[in-house]
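Participant: One structure, pasted below without further comment.
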């Protein structure tokens, strides 16, 4: 069936901000869907609140709404745009839930909008646990013994049937939010109560435990003529009991017999037919009991998922793009496979002649007090994928691509320590983020494969692979550098050992290993991902390295520019940097360069095979990048766009003769190196907070007496404020040195005077050597001391005077010329008592670039990429700052609900995972939209609790009177109540937890509050008030930990976030009109 002609316009629902469990794989699927549908001539309308996405670029859809993904807001968009159909399968759980809401509230019927890609009934059947179980039984498939419960009473009834241990999951949530494994009554009670609260339908599914079973996934695509193909089978290295998003996974499945594979394949197809997924991609999960082979079906997702992004990258088969076309009526045999240049139709099942490994990336170090053991609730923040010719090579490449400091199977434990074995056994039994390394240590300590299997339930086949690598390491160590013959070295490289790992094992420099490889002429060749195991030739340059015989790279002799990506997502380095890399590639392609992308993150648009001319799916390490440069010989390499990952390589790449374009590595170092930067600042006569660099604790104490407290302390060279703290006295400072950092001459610690209550400002600018143009001035809403990545901000500034802004503009220009910036630069200032203090300068793409580009309509990353390639700003027509005639607010999304036990107080360490944007005619409206976009719904009135620190007591009176005007009744803790009483506002007095009951926590648990404002300073005060913030989070009460944000919230109460919707295209037309005027 060719495409449908009875629909002309289609609304695509996006996934919103990046949260744990739902990351940038949905930007990848959404961007593909937009492209695919417009290719077929449909008018595409998109809604997504996340500005850091490629899909929300104005050229991706006909009308783009960066608005909250809430049914009332989407109703406004439907009313205005009148789409014929809505496609909800591209935006994860957020989009599915929103589509079901639109259906439930009659919006789709009211405007005659058809749901395509999945029906409301199919979504409900797959998501509603009891319906799903019934459906599976009807086709003869077994599900785990389970039942649903809507109350604690029902939960205990189910428990009698399934017994301990049992797995508890709330319905309609994603990433396993609120779920867990209960081994006893107490845990059962706690997890069930939390789950009932978090499920939008207040329903739990309680399953028998399949812990230790093998877990598999099938990625299936079906069209309306009932053609079905399996795109890819995926095997979880980690057994059941660990969320698949937190498991190491391997494709294709390695340990299934052919018979088991066929059974599973047939079962998957039966599931899709039964659930009624007429078109598109779905993911079906199975569990197999290794003892007796019993197979059960765990769940299915009737949408594009994290696994389908992985399967697309693993096979080269673009699931989202194909799914979008199937949704409008095409069948698989009518669609061509792009990778083979149309030689094969999309109905050919991909075959692969390599092994793919995915390893999740965790950020537990950011969440002190979090439980870092892996369970059924997803906790990873990103992932890395690697391709190799065998399992060992694939695994090794993934380990070094993770960027956690591992060069391979590095040792975790000192085996001579008396408790070494105890530690290893604990880490194997209670899986944490580093279990894979402890497995290697177990073999080093003499444990057997069976011994490790009994503790981990990881299939013995995988364990044998790791054991063999450990044995090889021992042999190489024993043979020494002299024993590294051509044959031995080639064998090690074929098994994926990195030069860095070999150099560590042999105690020589990494460059020595590289020299030896040159001498023996041992270099990687590049193979193509072609969907067909080389049966047909492929024009698509999608490459991975291996130490095989034949190279398929076939480089051209065009002018090329290579862009280095950011590797796996992590907090502090996420989708914003990928956005910049994609823009660099797009801009330079338009200018006739051949672009080469190097990255290893399977979720992103940058690793899509048609984003760049050539894609190398490789770890972003020195060795891997140099090998690619050796084959491709690029004219220039861009390291400033992928965050800290490529930036760390800049100097070494330059030393190896690789041409870095844009700001030079030396200029980058001048901005990052404390002493060199200070010299530049002094030469320009700019103000900086007093600071010092120290290499020992006593020296720090001495300096602190000169500078004075509070101080910001942090190690030098970090991204996302890792290990950064504000200390308030000498005792606090000593504790920091003893607990938080290891300080030495190589790794000094920086001390800065902390400007309490200052307003922080972020400025993005571009310099081409002749002129500097400001991209945008963003005023932070949270005051200084909250990491810039965790602060909301407004463009244009909403309180700063023109005079102060001009002062900053002047300073940015001076700095850009002084540092010799070519391309993007980000500068941070703090404003206090009408003085401008320079905090830092980053001569690279910052995480604010996508937001500024959406707010002003100027594609900064593209403009700057062209500057790096030699074009001037004037020749591109970008010569003056754009100040839009409306307000844009960026607000962040924090993952505290995934980490019970962590204090949600904002501070200098970045912990947000994503962002949303709100736009309005006034600051109040923009802020209200941003708050709605990240899920904060502020009720009108109710009771507010105020408990603030000493430094905020002057301003709290003003805040209290604003809240009273808005209809709130007030409660306050003792110190705050006294101040308010003196000003004639009489709040109800409440007890702190140690002052007797009923205390604050009791009142929070009784749902007495609709809003809480709590600010704290100093180690002790923060510790004491932590229960209040945790309580607010647990009971879902809106709370603010800075006064500035509380004032902004009061302002936003005066605006209606759901009143009007405006597309990005309309906004940018307003900018254009105001520029022409």
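All residue numbers here begin at 1 and follow the chain in the order shown.
Glycine is treated like the rest: Cβ placed from N, Cα and C.
Sharing the feature lines straight out of Swiss-Prot:
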type: REGION; residues: 1-403; note: region 'Carboxyphosphate synthetic domain'
type: BINDING; residues: 285, 299; note: Mn(2+) 1 binding site
type: BINDING; residues: 299, 301; note: Mn(2+) 2 binding site
type: REGION; residues: 404-553; note: region 'Oligomerization domain'
type: REGION; residues: 554-935; note: region 'Carbamoyl phosphate synthetic domain'
type: BINDING; residues: 714, 753, 755, 760, 785, 786, 787, 788, 828, 840; note: ATP 2 binding site
type: BINDING; residues: 828, 840; note: Mn(2+) 3 binding site
type: BINDING; residues: 840, 842; note: Mn(2+) 4 binding site
type: BINDING; residues: 840, 842; note: Mg(2+) 4 binding site
type: REGION; residues: 936-1077; note: region 'Allosteric domain'
type: DOMAIN; residues: 936-1077; note: domain 'MGS-like'
Participant: Given the binding-site residues 285, 301, which one is most crowded in terms of C-beta atoms within 10 angstroms?
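Facilitator: Sorting the candidates by Cβ neighbours within 10 Å, the top entry is 301.
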Participant: From the Cα of residue 285 (Mn(2+) 1 binding site) across to the Cα of residue 787 (ATP 2 binding site), what is the distance in angstrom?
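Facilitator: Taking the Cα atoms only, residue 787 (ATP 2 binding site) lies 39 Å from residue 285 (Mn(2+) 1 binding site).
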Participant: If you count Cβ atoms within 10 Å of each one, which of the binding-site residues 299, 840 comes out on top?
Facilitator: 299
Participant: Residue 828 (ATP 2 binding site) to residue 299 (Mn(2+) 1 binding site): how many Å between their Cα atoms?
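Facilitator: Residue 828 (ATP 2 binding site) and residue 299 (Mn(2+) 1 binding site) have their Cα atoms 47 Å apart.
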Participant: Give the distance between the Cα atoms of residue 840 (Mn(2+) 3 binding site) and residue 785 (ATP 2 binding site), rounded to the nearest whole Å.
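Facilitator: That comes out at 14 Å between the alpha carbons.
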Participant: Over the residue list 714, 753, 755, 760, 785, 786, 787, 788, 828, 840, recorded for ATP 2, what is the maximum interresidue Cα distance in Å?
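Facilitator: This binding site's residues have a maximal Cα-Cα distance of 18 Å.
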Participant: What is the pLDDT of the region 'Allosteric domain' (936-1077) when averaged and given as a whole number?
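Facilitator: Result for the region 'Allosteric domain' (936-1077): average pLDDT 92.
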Participant: Can you tell me which binding-site residues out of 714, 755, 785, 842 are within 10 A of residue 285 (Mn(2+) 1 binding site) by Cα, answering none if there aren't any?
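Facilitator: Final answer: none.
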Participant: Rounded to the nearest Å, what's the C-alpha distance separating residue 714 (ATP 2 binding site) and residue 299 (Mn(2+) 1 binding site)? Just drop the number here, would you?
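Facilitator: Cα of residue 714 (ATP 2 binding site) to Cα of residue 299 (Mn(2+) 1 binding site) measures 45 Å after rounding.
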Participant: Specify the count of other C-beta atoms within 10 Å of the C-beta of residue 787 (ATP 2 binding site).
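Facilitator: Its Cβ shell of radius 10 Å holds 20 other Cβ atoms.
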Participant: Around the C-beta of residue 785 (ATP 2 binding site), how many further C-beta atoms are within 10 angstroms, looking at every protein chain?
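Facilitator: Result for residue 785 (ATP 2 binding site): 21 other Cβ atoms within 10 Å.
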Participant: Tell me the Cβ contacts of residue 755 (ATP 2 binding site) under 8 Å, same chain only and six or more apart in sequence, or just say none.
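Facilitator: Looking at Cβ-Cβ distances below 8 Å from residue 755 (ATP 2 binding site), excluding near sequence neighbours, one finds 689, 784, 830, 832, 837.
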